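Visitor: Sharing a structure, written as structure tokens. Questions coming.
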Amino acid sequence: MRLAVAGATGRTGSEVVAEARDRDHAVVALSRDPDEGEHDLADLDAALDAADALVDFTVPEATPDHAAAAADAGVPYVVGTTGLDDEAEAALDAAAGTVPVLAASNFAKGVQALLRVVRAGVEALPEYDAELTETHHDGKRDAPSGTAVSLLDAIDEARGEALDRTYGREGDHLREAAEVGVHVRRAGTVRGEHEVLLAGDDEVLTLTHRAESRRVFAAGAVDAAERLADREAGRYDFTDVL
Ligand SMILES: NC(=O)c1ccc[n+]([C@@H]2O[C@H](COP(=O)([O-])OP(=O)(O)OC[C@H]3O[C@@H](n4cnc5c(N)ncnc54)[C@H](O)[C@@H]3O)[C@@H](O)[C@H]2O)c1
Ligand SMILES: O=C(O)C1=N[C@H](C(=O)O)CCC1
């Protein structure tokens with residue numbers, strides 16, 4: 001297939017380009033400052049004319065334009081960008097009226113497994129205190145990570161209540177039972193680590209995922225693009241195509 005990649009020169013988009021080419025897909029590498037062999041993102045509509053899907057690892061503010069372009073071109077839209085606001089989510093819903101749209105905070109299959117085991121752990125230990133820690137490279141803009149938000153939502157679902165998300169801790173306060181601590185670290189070139197800790201009386205359960213390479217995200221995103229090719233228009237979750 002012919003994959004258009006927005007963010008093709010970025011940390012993750014460049015891995016998507018490499019993964020797609022390793023699978024013998026043709027790639028339309030989109031860039032705001034195109035080099036030879038790359039396509040100008042300003043001409044996205046023209047670039048999508050010959051594409052079979054758009055894969056996006058850019059910035060949240062670009063999502064509405066990219067979603068509209070994918071819908072206009074009639075191509076599936078795979079979104080890895082995180083930190084999406086209500087406007088971006090509404091644009092995804094609008095595009096899903098015309099094409100398949102799949103947005104995932106984390107395209108690593110191991111994180112999908114982590115989400116399942118976190119739900120099972122919280123259901124088994126509903127009275128245990130939950131704390132989340134995420135660590136990413138020093139170039140990451142958004143905090144907490146999109147994956148952390150997905151994990152927090154999974155904890156809430158398993159607990160059957162919306163826990164009070166306490167971002168960091170300082171001062172003189174006792175922990176409330178209905179809290180979940182959220183701790184964010186930004187350092188070095190860390191590709192992505194997420195830990196959920198469940199602590200009760202005299203025992204702790206720690207569930208952790210660590211990405212060793214961005215290639216794991218790229219593989220999941222290309223899998224998603226391949227599997228959306230014959231789907232009807234609508235919103236899809238990564239688990240729908242695993
Ligand atoms: N879902 C996942 O599995 C997953 C994995 C890794 C990263 N991400 C997310 O992907 C996004 C990109 O992360 P990254 O580390 O690759 O970032 P990056 O900064 O390395 O790359 C961003 C790319 O977007 C381009 N860009 C910047 N502003 C733009 C604009 N206004 N319009 C169009 N393009 C623009 C840049 O030129 C660059 O190519 C982040 O939101 C990150 O959280 C998601
Ligand atoms: O490197 C990033 O940025 C990542 N962001 C995603 C998130 O926000 O959860 C996934 C992991 C890597």
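Cβ atoms here come from the backbone N, Cα and C positions, even for glycine.
The domain 'Dihydrodipicolinate reductase N-terminal' feature in TrEMBL is assigned to 1-107. TrEMBL lists Gly7, Ala8, Thr9, Gly10, Arg11, Thr12, Gly80, Thr81, Thr82, Ala104, Ser105, Asn106, Phe107 with the feature NAD(+) binding site. For 110-242, the entry in TrEMBL reads domain 'Dihydrodipicolinate reductase C-terminal'. According to TrEMBL, the active site, proton donor/acceptor annotation covers His136. Under the heading (S)-2,3,4,5-tetrahydrodipicolinate binding site, TrEMBL lists His137, Gly146, Thr147. Annotation comment: TrEMBL describes Lys140 as active site, proton donor.
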Visitor: Which whole-number mean pLDDT does the model give the domain 'Dihydrodipicolinate reductase C-terminal' (110-242)?
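Guide: Mean per-residue confidence for the domain 'Dihydrodipicolinate reductase C-terminal' (110-242): 97 out of 100.
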Visitor: Could you tell me how many residues in the domain 'Dihydrodipicolinate reductase N-terminal' (1-107) are helical, how many are strand and how many are coil under DSSP?
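Guide: Going by DSSP assignments, the domain 'Dihydrodipicolinate reductase N-terminal' (1-107) contains 42 helix, 24 strand, 41 coil.
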Visitor: If you run through the domain 'Dihydrodipicolinate reductase C-terminal' (110-242) with DSSP, how many residues end up as helix, strand and coil?
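Guide: Split by secondary structure, the domain 'Dihydrodipicolinate reductase C-terminal' (110-242) comes out as 46 helix, 39 strand, 48 coil.
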Visitor: For Gly146 ((S)-2,3,4,5-tetrahydrodipicolinate binding site), what residues in its own chain, 6 or more apart in sequence, show a Cβ-Cβ distance under 8 Å?
Guide: Thr82, Gly83, Leu84, Ser105, Asn106
Visitor: Whose Cβ, among the recorded positions Arg11, His136, His137, Lys140, has more other Cβ atoms within 10 Å than any of the rest?
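Guide: Answer by Cβ density within 10 Å: His136.
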Visitor: Do any of the binding-site residues Thr9, Thr82, Thr147 touch ligand 2, in the sense that the CB is under 6 Å from one of its atoms?
Guide: Thr82, Thr147
Visitor: What is the interatomic distance between the Cα atoms of His137 ((S)-2,3,4,5-tetrahydrodipicolinate binding site) and Thr9 (NAD(+) binding site), given in whole Å?
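Guide: Spelling it out, the Cα of His137 ((S)-2,3,4,5-tetrahydrodipicolinate binding site) and the Cα of Thr9 (NAD(+) binding site) are 17 Å apart.
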Visitor: Report, in whole Å, the straight Cα-to-Cα distance of Lys140 (active site, proton donor) from Thr9 (NAD(+) binding site).
Guide: 16
Visitor: Residues near the (S)-2,3,4,5-tetrahydrodipicolinate site, His137, Gly146, Thr147 excluded, by Cβ within 8 Å of the Cβ center?
Guide: Thr82, Ser105, Asn106, Glu134, His136, Lys140, Asp142, Ser145, Ala148, Gly192, His194
Visitor: Going along the chain, which residues six or more apart from Gly7 (NAD(+) binding site) have their CB under 8 A from its CB?
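Guide: The answer is Gly13, Val16, Leu30, Asp56, Phe57, Thr58, Thr81.
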Visitor: Can you give me the same-chain residues 6 or more apart in sequence from Phe107 (NAD(+) binding site) with a CB-CB distance under 8 Å?
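Guide: Once residues fewer than 6 apart are set aside, Phe107 (NAD(+) binding site) is near Gly80, Val216, Phe217, Ala218, Ala219, Gly220, Ala221, Asp223, Ala224, Phe238.
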Visitor: What are the non-local neighbours of Thr147 ((S)-2,3,4,5-tetrahydrodipicolinate binding site), defined as same-chain residues 6+ apart in sequence with CB under 8 A from its CB?
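Guide: The answer is Thr82, Ser105, Asn106, Val111, Glu134, Gly192, His194.
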